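Here's the structure we're looking at; comments come further down.
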Amino acid sequence: MKSENQTVNPEFHFQPFTTIPEMKWLIFGIFLILYLLSLLGNVSVAFIIYTVSSLHTPMYFFLANLAFLEIAYSCTIAPLTLANLASVRKISISLSGCGTQMFWFTVLGGSDCVLLAIMAYDRCVAICRPLSYPLIMTWRMCVSFVVGTWAMSGFLSFQLCLLILTLTFCGNDMAIINFFCDFPALMKLACGNTLGQQQGLFITSAIFLTVPFTLICMSYVFITMAVLRIPSSLGRQRAFSTCSSHIMVVLMQYSCSSLIYLCPASCLSATQVRVVSVVYTFITPVLNPLIYSMRSKELKEAMSRSLRRIILRQKK
């Protein structure tokens, strides 16, 4: 039987980081800069890869898709967060609005994790089977990987959001203890039994995090074995150099996401959850293009040439 206090159309607001106006504007300024830097960095990476024909390879095709995911990911979270920080009054969001944000957040975040595993496989084939690489990593195969990633992420995210939206809430204008609609924060506000939703979240998180991370680890085991067989130290250095940027991105992405979605709710306080959430929603999208552009000689040179052309055009 439904509770008499159950709210039919619940609304939520986000608990502010601080009530001190000066601190709010400081946080707003930091988040705005990070958001703009993430857009600038990822748009630049995607644009350079699209316009420079020498970068039309499977590795950079996946990197361009990763940059697009980061752009969409930032745009899903940052605008509403900035609006809440800049607003004097509380900005409310409906349950359907929360569901929409959670859906796209999960689709993009899940696709990000799966794509990192595909990129590890691509490097594994390139290093372990260089002669067969063009036959294995065809453009048809690359596009199939990306389309399959989106399809799987969309299906799992839709099922999880439907499950979460069946929660019952016994209040109105409830405070979400985070800066965006996240599954754990929303489930804490429910007044009914959330065991089914918790199990669904854990299973989905395990599929998006544990399975790809296992595949990444397996790929790097094969890569390490292949690299150690290379006779020249310069060859080993080049092989490891192409993988180092990917490893750094993987560690940032999976460590933060695992802390939030795979660890028990009691292992992190609300403040710690916010800090970790800031890392993977605002900081990681900024660092990813920097890491790849700094570690990839080809991408760095292509960006330098493009920048020089722009400067020369302005001087004319």
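Placed from the backbone N, Cα and C atoms, the Cβ positions cover glycine too.
Annotated features, as they stand in TrEMBL:
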- 41-292: domain 'G-protein coupled receptors family 1 profile' (DOMAIN)
- 25-52: transmembrane segment (TRANSMEM)
- 59-82: transmembrane segment (TRANSMEM)
- 102-121: transmembrane segment (TRANSMEM)
- 142-165: transmembrane segment (TRANSMEM)
- 202-228: transmembrane segment (TRANSMEM)
- 240-261: transmembrane segment (TRANSMEM)
- 273-292: transmembrane segment (TRANSMEM)
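Relative to the transmembrane segment (59-82), the listed stretch 25-52 leads the set 25-52, 102-121, 142-165, 202-228, 273-292 in CB pairs under 8 A. Here the transmembrane segment (202-228) does not touch the transmembrane segment (25-52). Their Cβ atoms form fewer than 3 pairs under 8 Å, with each pair 6 or more residues apart. When pLDDT is averaged over the domain 'G-protein coupled receptors family 1 profile' (41-292), the result is 88.
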